[in-house]
Amino acid sequence: MALDKSVILLPLLVLVLLVLGCLGRESRAKKFQRQHMDSGSSPSSNSTYCNQMMKRRSMTQGRCKPVNTFVHEPLVDVQNVCFQEKVTCKNGQTNCFKSKSSMHITDCRLTNGSRYPNCAYRTSPKERRIIVACEGSPYVPVHFDASVEDST
């Protein structure tokens, strides 16, 4: 009798643990938003912007992320890039798209000699076209691939 219950309860326990694990995991779209979206602010020439944002957005935990870009445009405008000019991603995949117009961004680059846990970044505000990888349903940005100067 006790063995019958354990045979039934064990698979149920495994299923519950799998579901709970998935619920706690950040989706690729949410990770993109956390790492790259800063819609509520303008590009800042404040030299501490990147140091503050990289720490606030959990990109200096365990290591210093070497490069990151924040986009200062409404999320819907960045999501719309997924339906603009299709381009090849840096890694050769074909799910990247380039914005049709320039966007306000801030590039953050780890300064030479900076080491974890004292991550220090150079802040560079720019206006550039962005290239993002998109996937899912709905089709949304999941990876920031690059930024390029507007050729027009």
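In case you wondered, yes, glycine gets a Cβ from its N, Cα and C as well.
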Inset, instruction - Choose one of C50, C64, C82: the cysteine that Swiss-Prot connects to C134 by a disulfide bond. - result: C82
Inset, instruction - May I ask for the distance between C64 (disulfide bond) and H36 (active site, proton acceptor), taken between their Cα atoms and rounded to an integer number of Å? - result: 16
Legend entry - Of N46, C82, C96, N112, C134, H143, i.e. the recorded positions, those within 10 Å of T69 (substrate binding site) when Cα atoms are compared: none
Legend entry - Alpha-carbon spacing, C108 (disulfide bond) to V67 (substrate binding site), which is rounded to whole Å: 6
Inset, instruction - Determine the minimum-neighbour residue: among C50, V67, C89, listed as recorded positions, which Cβ has the fewest other Cβ atoms within 10 angstroms? - result: V67
